[in-house]
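Here is the structure we will look at, set down as structure tokens.
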Amino acid sequence: MNKFVMTIFGASGDLTKRKLMPALYSLYVAKRLPEEFEILGVGRTVYEDADYRTYIYSEMEKFVKSEEQNKEKMDAFVGHLHYLAIDPALESGYGQLRLRIEELSGDSRPDDLLFYLATPPSLYGVIPLHLKSVHLNEGRARIIVEKPFGYDLESAEKLNRIYASVFDEHQIYRIDHFLGKETAQNLLAFRFANGIFEPLWNRNYIDYVEVTAVENLGIEQRGGFYDTTGALRDMVQNHLIQLVALTAMEPPAVFNADNFRNEVVKVYESLTPLTETDLNEHIVRGQYTAGGNKRGYREEKNIAPDSRTETYIAMKLGISNWRWSGVPFYIRTGKQMPTKVTEIVVHFRETPHQMFHCAGGNCPRANKLILRLQPNEGIVLKFGMKVPGPGFEVKQVTMDFSYDQLGGVPGGDAYARLIEDCILGDQTLFTRSDAVEASWHFFDPILRYWNEHPEAPLYGYPAGTWGPLESEAMMHEHGADWTNPCKNLTNTDQYCEL
Ligand SMILES: NC(=O)C1=CN([C@@H]2O[C@H](COP(=O)(O)OP(=O)(O)OC[C@H]3O[C@@H](n4cnc5c(N)ncnc54)[C@H](OP(=O)(O)O)[C@@H]3O)[C@@H](O)[C@H]2O)C=CC1
Ligand SMILES: O=C1O[C@H](COP(=O)(O)O)[C@@H](O)[C@H](O)[C@H]1O
């Protein structure tokens with residue numbers, strides 16, 4: 001028989017209930033899972049199969065979009081769920097795991113297997129070794145491993161060595177769910193399927209680039225994880241730098257997994273190494289304090305009362321290559337900001353000479369292109385136009401494409417896209433081992449610097465604000481300000497809580 005069996009480690013956790021199960025359900029409804037499949041949850045929490053199904057069903061009622069909920073289909077979907085209570089850190093349970101997988105696959109040599117590691121990162125190294133000990137790494141087995149992949153450069157290299165000793169690279173899927181977002185992929189189409197922007201996409205026409213991924217939530221129930229992780233490892237080393245790569249990469253001659261990932265690695269390898277001045281002046285870290293009715297980070301559950309973990313980071317980085325030399329990329333991420341938004345803003349150079357009057361004294365000398373990944377996914381171009389009437393007064397206007405015009409973001413959730421790609425064996429949107437290491441190579445000095453300089457500033461910012469003022473000062477050096485995402489699109493009041 002040899003059915004497809006997907007095993008989720010960390011099946012009682014936050015990611016599983018909020019993202020993985022809704023994604024798998026949507027694939028199931030769309031008939032995009034293999035015809036014969038079973039899903040096995042693994043964790044230390046004790047559930048009988050029936051209890052686990054009831055638990056996941058009730059979580060799906062919260063996390064599956066209401067218009068996609070269908071009792072009959074949800075019942076049928078949870079009927080494919082099973083659960084095995086073992087501690088995934090201990091090899092002793094893996095004999096049992098193998099037997100359970102054999103039973104679910106209907107074959108004593110199960111072969112069509114997918115393992116998803118949705119556990120704390122401390123388990124990413126041991127689980128593959130234990131899988132190998134019971135030969136579950138063989139045949140068509142694939143493994144998806146969550147981020148952060150490694151805690152620093154050394155641990156990422158070590159993890160890569162472990163994975164290489166258990167799996168071939170084509171079996172390893174290091175997931176970064178930002179790459180599964182429709183609008184992140186659309187950035188590639190926008191750049192490389194259109195002739196008009198690419199000739200301008202370089203240091204001759206672009207002044208600077210901003211990448212913002214901020215959230216209006218705190219750390220919720222993830223204190224234990226977050227306090228040992230922080231924003232640099234949680235968001236910057238993976239998600240933000242991927243967005244930089246999509247913005248900065250060269251077009252591959254042929255679009256396939258290896259060519260695309262080669263270009264990503266080239267961007268990482270071109271990141272200008274950080275100097276002492278950069279570490280001191282071009283990186284701003286912050287931690288949210290109480291603000292509005294929100295508690296401060298140090299008051300959150302499972303957070304050390306004297307924690308110095310950053311919940312905000314802004315930094316300036318450069319790319320030393322022919323296309324980008326001298327163009328600063330400003331990136332920032334933070335928890336408990338005024339809104340949740342992910343966007344890339346490309347600032348073109350100013351016109352060399354201003355000859356018109358400006359409406360309201362505000363001269364729109366430079367064009368801006370805003371690529372909004374979420375929410376209100378879309379693309380906005382800002383440019384100057386003459387105000388109707390006498391004289392020549394110019395005002396900045398927007399040309400606006402929103403996915404709403406197409407009935408919403410097509411293709412559904414990022415996790416669904418990526419899980420399906422993995423099932424189909426397409427690694428394009430997954431991070432390759434060399435990319436992980438190249439990225440860590442760039443960011444590792446920051447971690448070392450913070451470690452060696454405990455006195456390095458960590459600025460407080462009240463929850464619900466845009467982060468430390470020092471990050472504004474960093475932009476002022478370039479004569480710029482951070483773009484306020486709440487003012488970028490026309491229908492802003494839908495999501496900005498200012
Ligand atoms: N949550 C999210 O939104 C996102 C999470 N991720 C990544 O996914 C991974 C999982 O995240 P999340 O679900 O939030 O994590 P959780 O903290 O919810 O942990 C998942 C499960 O792992 C098990 N676990 C926890 N500690 C241990 C331990 N010491 N030994 C063995 N098992 C343990 C627990 O299950 P049990 O006690 O039953 O064994 C827990 O339910 C993380 O690496 C995170 O970076 C990535 C993107 C988003
Ligand atoms: O990976 C993570 O991403 C989420 C933000 O993802 P989004 O798709 O909701 O924008 C972040 O909240 C979390 O801390 C981090 O682990």
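FYI, residue positions are counted from 1 along the chain as it appears here.
Quick reminder: no glycine exception, Cβ is built from N, Cα and C everywhere.
Glu215 is the residue from Glu154, Glu157, Glu210, Glu215 that TrEMBL records in the substrate site together with His177, Lys181, Asp234, Lys335, Lys340.
Rounded to the nearest whole angstrom, the C-alpha distance between Asp234 (substrate binding site) and Arg44 (NADP(+) binding site) is 24. Only His177, of the binding-site residues Asp14, His177, Lys340, have a C-alpha within 10 angstroms of the C-alpha of His239 (active site, proton acceptor). Taking a C-beta cut-off of under 8 Å and a sequence gap of six or more, Thr16 (NADP(+) binding site) has these contacts in its own chain: Ile8, Gly10, Gly41, Ala118. Residue with the densest Cβ environment among the binding-site residues Asp14, Glu215, Asp234: Asp234, by other Cβ atoms within 10 Å. With a CB cut-off of under 6 A applied against ligand 1, the recorded positions Gly10, Asp14, Arg44, Lys181, His239, Lys340 are reduced to Gly10, Asp14, Arg44. Annotated pair Ser12 (NADP(+) binding site) and His177 (substrate binding site), C-alpha to C-alpha distance, rounded: 20 Å. Taking only the Cα positions, the spacing between Glu215 (substrate binding site) and Asp14 (NADP(+) binding site) is 17 angstrom.
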